[in-house]
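Q: Quick paste of what TrEMBL says about this protein:
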type	residues	note
BINDING	G112, Q113, T114, G115, S116, G117, K118, S119	ATP binding site
COILED	367-394	coiled coil
COMPBIAS	977-991	compositional bias 'Low complexity'
COMPBIAS	992-1017	compositional bias 'Polar residues'
COMPBIAS	1039-1050	compositional bias 'Low complexity'
DOMAIN	6-359	domain 'Kinesin motor'
REGION	968-1050	region 'Disordered'
Amino acid sequence: MEEGESLKVAVRVRPFNKREIARKAKLIIAVDGDVTTVTAPDDQTDTKSFTYDHSYWSFDGFYENSDGYMAKDKKHKNGKKYADQNTVYDDLGKDILENAWQGYNATLFAYGQTGSGKSWSVIGYGPNKGIVPLICDDLFKGMTKKAAAAQYEVHFSMLEIYNEVVKDLLNPKKGKGGLKIREHPKRGFYAEGLTSVLVTNYEEMTRKMDEGTINRTIASTNMNATSSRAHTIVGIKFTQKTRNAAGVESAKNAVINLVDLAGSERVESTGATGDRLKEGAMINLSLTSLGDCIHALAEQSEGKQGVRVPFRNSSLTKLLKNALGGNSKTIMVAAISPADINYDETLSTLRYADRAKQIKTKAVVNEDPTEKLLRELKEENEKLKKQLLTGKVVPVDFIDEDGDGINDKDATKLRAKWEEEMKARMLENDKDISDMNYTYEERLKSQKKDIGDSSLKKKEEERLKKPHIYNLNQDPQLSGRIVHILRPGTTTIGNRKGSPSDITMMGPGIQQQHAVITVTQKNTVNLKPGNSECRVMVNGSLLQGEAELCHNDRLVIGSTQIWLFQHPGNKPKQAKGTKTPDITYEYAQEEIASKSGINMSADTDLGALQEELLEVMPAVEEANSISEELDKRVKFEILLVAPEVIGSQGKGKTQIHVKMKNLENGTEFVWPQNKFRDRLYQMKEMYEHYEDEDEWERPEAEDPFQESLDTEVHMGTVMVILQPVGHLVELKEQLTITNYKGTEVGVMNVEIMPCDAKGKEFVEEDDVFVDHPEELIGEDLHFKFKIVSCRGLPTRYKDVYCSYSMYLETDRTETKKISNSSNPDFNFTRQYNYKPVTTQLCEYLRNGHVVVRVMGKQQLRSSAVPNNAKGLSTKDLLKQDRTVFSNGLATNGRLQDPNKQSLIVELLLMKKTQARLQQKLDSVQKLVKEAENISRLKVSTTALKDVLSCTSNKQADIIIRKHLQERDQTTTRPAFSLLTRTSEMTTTASTQPATARQKTAPSAPYSNRRNNRSNGHTNRRQNNKSTGTRDTQTEYRTTDTTTGTTDTQT
């Protein structure tokens, strides 16, 4: 491998998971050699291809052999290209291992959305071992084979980065604030005080890895902290000590970092821009910074000058600095889903990986004589001591990057920070010196107390025979890691604040004496809540009293703790050919949702909504529990918002929002789902400090349970359908204002008035109605949009105004703000001029609508809070509020039909059309009657056409008089019997195209256009439309029926 080589990138596509199969997902990924292609679900011609070092097809072409390993299926059409675990390891893992033997640092990091298969490739499950365990196994096998050539040492460490806090997973009690990240001039960034244990074989390393995973699980279970939000770094330091012919000892050191990154779907989901709390900023900072670093490094590799790589912006990028831009051989594995429902995330991952492959690193062999290393460490410590004593400090690195001068106060802070860094570096050097002075055997002896622990093995043996419960976690890697064996007699469950319980559980909703499990003399197991306030669920239903548990029962303790009960001695007999379903976290959540009335659907859109609900429902339950325990006097509930309610154009999807209601002052705020999630993480952080009895309260401006009264809120929406404009019909309607729930919160008086260019509104006599909006194409269109007033708005709002955007507008137009009125008069008018009408605008008028949002600010009202609310706790207030089911879904409110306004507009147009048709029928009947009165049995087709093209009775009267006064010219005009064909021509009146009409000309320009059509120019316009051209001149012809003269103008 050459120096300055590119980062190696591999992409792997997994099979469909259970949810994707249930939703009948479609395959959108294709792999051909090293090329991965993704196809857009809604357009099969929209494909994007990417070339990587390796593209692995693991979607199909495999079978499960007798020991559970997923092997190539030679009988399957894709069996040859199927990439099993060994294939991936041979291509990637062996490279990493070989680099380590040569003395190069190596890094493997896995990237992709949650559930894309990152952990499958990196860790694996059961017999399908991933890259990490296979590297460890082969490393120790190689040490055994080469034992005579050198002395080998392997140190193992494991850390987690969550919310920018670095946690030591081998010593989780070390420091509540996490480990500090320091920078060494040679080693780069490192986590100060990170536990690094000496391991002598693969089994010891596996136990340490399991220990770290269990500590991850405990933290995750206690706070329901989703593992997809955390990054895990496994560090393996491999040292080879040899002596040359002169007896000089040298050490070759290689550090292998194996990184499992957080789910990439959170990178751009940080909630509303500019939110005062900047929700999600800390959660997503590491992944966002990683993306920034990869982008900057790629630009550097392309030769761009002056690019700064922001490694210092996050904990993750500091610790990965060497892996991405320094002394390391680095491999990236990008895991992707094959399903169409994950298209956006998959495409994002592929682009991310494509950018990363441009990065170049420069790895060097880390080998130095031991004596030299010792000497350099001692010399550096002496130098640091002198600097601390003389005070000649604050290096350039500690001055801000802009180079600006600093004041005395800042200089003092910088000096203190520098001194802290120097002391930490000296301690790290002293530790290294101490390690070098101790023999391998002495260091091994000093930590033997942990290596031989057999408690985990004993517990695994007891699980096979005795009743027990174990945890279920969103991350399959963390499920089953915490096991509690149930002994004969009673086992108490409670939090750590009361008297000691047999099983201590932490998290929202866990009471001091929460539940009791009893194992009877007959070996049956019963579960009973501590009291009526203790939330316990069995198989998705709330437990009211004592119940006997059965094998594989699902238990929910409090808001976040989900456990599986197993009783090996009382397993039910299983019928032949049947298989017990795998009980997972998702299975338990779907069961809870099903008992709440939500059943999973195979329909793509509905299935996606239900999956979101499965995630949001327990989150809302948890937020309410935290609010209750911290007495924040706030309640959360889920709102399912139909696209019609929020005014989505086209085919929108139902969205999930969360409403926060302040039970003390009655204010309500509706948050998008992402904003709620990010607020929830801050709530969890507050609760964690509360549990640890630290300072947990925050200033009001930083409290995730609070929202400023200056925040503008969405009161409701009105959809104004523009279809009348396309027919030049005025609209004056009182339209319902609906909130997010679809509940009526008031009415809005809206007008749309067709007018001429000068703003003169047309009246009924102008008769500018057109049958089809297409008739307006190529013509100028003018109309006024008016928001007159609102009526019956809730009194709790002030500074009320309306905003909207019209066709092709990017900025929103706002009315004036009205305060202290539930019936504000806006009297807002704006004229719109389109010159000319295009096909696109015509389609918008036919099917589009204007979404008018009613906005305002809330004001406190004493009447909003019950008189007896004062002095009540959040728990008591939640009991009083009965508008929410236990699953968090809102149930109150009178829903409005979102299609109501559409029906009103259709009725308006139908009345106009009916009136026009009735006028035509009346005119034909009058022509027949007048003809009969003068004993004429025949009339020309021209007369009938002229009468049918009239748009008013007055105009028809003129045409009838004109034709009846003419002498019957049967030799030049075909005629037909009115007695036999009147009904046929009446039918023609209802279907005759508008282009066949004729009328005398009112002053309005739309009337001139009608004359133009009635005198033969319509055919020319239609011909021009068919060829894609339009006349620049239009001929208008008007006829004076009293003098018989014709005036033509262009």
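Note that Cβ sites are derived from N, Cα and C of the backbone, with glycine treated the same way.
Note that the coordinates shown come from a computational prediction; the quantities given were computed from them, not determined experimentally.
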Q: Please list, in sequence order, the residues in the chain of S119 (ATP binding site) that are at least six apart in sequence and whose C-beta is under 8 Å away from its C-beta.
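A: Residues satisfying the criterion: A110, G130, D260, D475, P476, Q477.
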Q: Mind telling me which of the binding-site residues Q113, T114, S116 has the densest Cβ neighbourhood, counting other Cβ atoms within 10 Å?
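A: Output for this query is S116.
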Q: With an 8 Å cut-off on Cβ distance to the G112, Q113, T114, G115, S116, G117, K118, S119 Cβ center, who else from the chain surrounds the ATP site?
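A: Result: G263, A335, S337.
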Q: Would you mind checking how many other C-beta atoms are within 10 angstroms of the C-beta on G117 (ATP binding site)?
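A: The answer is 21.
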Q: Of G112, G115, which of the binding-site residues has the most Cβ neighbours inside 10 Å?
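A: Output for this query is G112.
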Q: Is K118 (ATP binding site) helix, strand or coil when read with DSSP?
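A: Going by the DSSP assignment, K118 (ATP binding site) falls within a helical segment, counted as helix.
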Q: Find the average pLDDT over the domain 'Kinesin motor' (6-359) in the predicted model and report it.
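A: Value for the domain 'Kinesin motor' (6-359), mean pLDDT as a whole number: 86.
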Q: Measure the Cβ-based neighbour count of K118 (ATP binding site), defined as the other Cβ atoms within 10 Å of its Cβ.
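A: Its Cβ shell of radius 10 Å holds 27 other Cβ atoms.
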